[in-house]
Amino acid sequence: MQALLNTVVPVALVVLSGYLLGRRVAMDLTTLSRLTLYLLVPALIFDAMYRAEYSREGLLGLTLGFALTYALLYLLILGAGRLLGLFPEAAKGLLVCSLFPNSGNMGLSLTFFALGEEGLRRAVVYFILSSVVMFGLGPAFIRGGGFREGLLFTLRLPLFYALFLGLFFKALGIALPFRLDEGVRLMGQAAIPVLLLTLGMQMAKTPFQIGAFEGVASGLRLLLAPLIAYGVGLLLGLPALEHQVLVLQSATPVAVNAFLMTKEFGGDALRVARSVVVSTFLAFLTVPLVLFLIGVR
């Protein structure tokens, strides 16, 4: 129980602080989001890659586990949508809510508090894979095209340069002069609190309204996805830490970017926006169950 509280309470405190601040003070969320996307998260990724000690088997297993979890979830949601006879806009919205987890704002933070630095470094790998799917395949999932444009957009994001540079310096054993690595690490350490504060402020701008769509979307995202990930991890025989990261990252709420994707490429944007808020609130009830499932007690 103590480990559960030590994981959930710090995250909830920072999100709540951002929520209260967003309710009372006019904040420029666009600037904060860009600061995080273009500077703080790339610094976190570079630092994680530069300092990490990975096994090839663990990384390959995590990548394969991610791919299988996504593929199974996609097929299940697609089949369910057709069986239920959902309208195209609703089906697209449900698909987006189910496939795109908040592996950045919420996922990195939860993994750090639950599994420490080593868990965070593996969560960074999951986050990058998730970003590729979201921005590269997302447009194709939603409107049936746009794969090339989405992938090119993804590859222009600084997080990929940070990934490759970190791996490059690590592989060659290059030591950065003048303790530059400590400066990068300092910026990376700012990423998690800023991500959570931004999430809280974004939640303050969207009303909490739960209906059938929001309930189903949240259930798929918070319960079905981690159960699939858990089964996939067992099937692949993943190492314990990689298995825990795969399940915990899969248990995060609907990504904020899911709303932006539906607004840009089609789908029920309003319901997706409400699903982001509802699933984030409900995550503080379901995440402790997932932590218990993966052995964090």
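Just so you know, glycine gets a Cβ as well, placed from its N, Cα and C.
TrEMBL: automatically predicted annotations, no manual curation.
The annotation transmembrane segment is assigned in TrEMBL to 59-81, 93-116, 123-142, 158-178, 190-208, 220-238, 245-261, 273-296.
Here the transmembrane segment (273-296) has Cβ contacts under 8 Å with residues 3-4, 7-8, 12, 15, 93, 97, 102, 106, 110, 114-115, 199, 202-203, 206-211, 213-215, 217-218, 221-223, 226, 230, 240, 243-244, 247-248, 251-256, 258-259 of the same chain, all six or more residues outside its ends.
Long-range neighbours of the transmembrane segment (93-116) within the same chain, counting only residues 6 or more positions beyond its ends whose Cβ lies under 8 Å from a Cβ of the stretch, are 3, 6-8, 10-11, 14, 41, 44, 70, 73-74, 77-78, 81, 86, 122-124, 126-127, 130-131, 133-134, 138, 141-142, 191-192, 195-196, 198-199, 213, 216-218, 220-221, 224-225, 241, 244-245, 248-258, 261-262, 267-269, 271-272, 275, 279-280, 283, 287, 291, 296.
Between the transmembrane segment (245-261) and the listed ranges 158-178, 190-208, 220-238, the one holding the most Cβ pairs under 8 Å is 220-238. Within the chain, the transmembrane segment (190-208) has long-range Cβ neighbours (under 8 A, six or more residues past its boundaries) at 11, 14-23, 27, 29, 32-33, 35-36, 40-41, 43-44, 102, 104-106, 108-109, 112, 256, 273-274, 276-278, 280-281.
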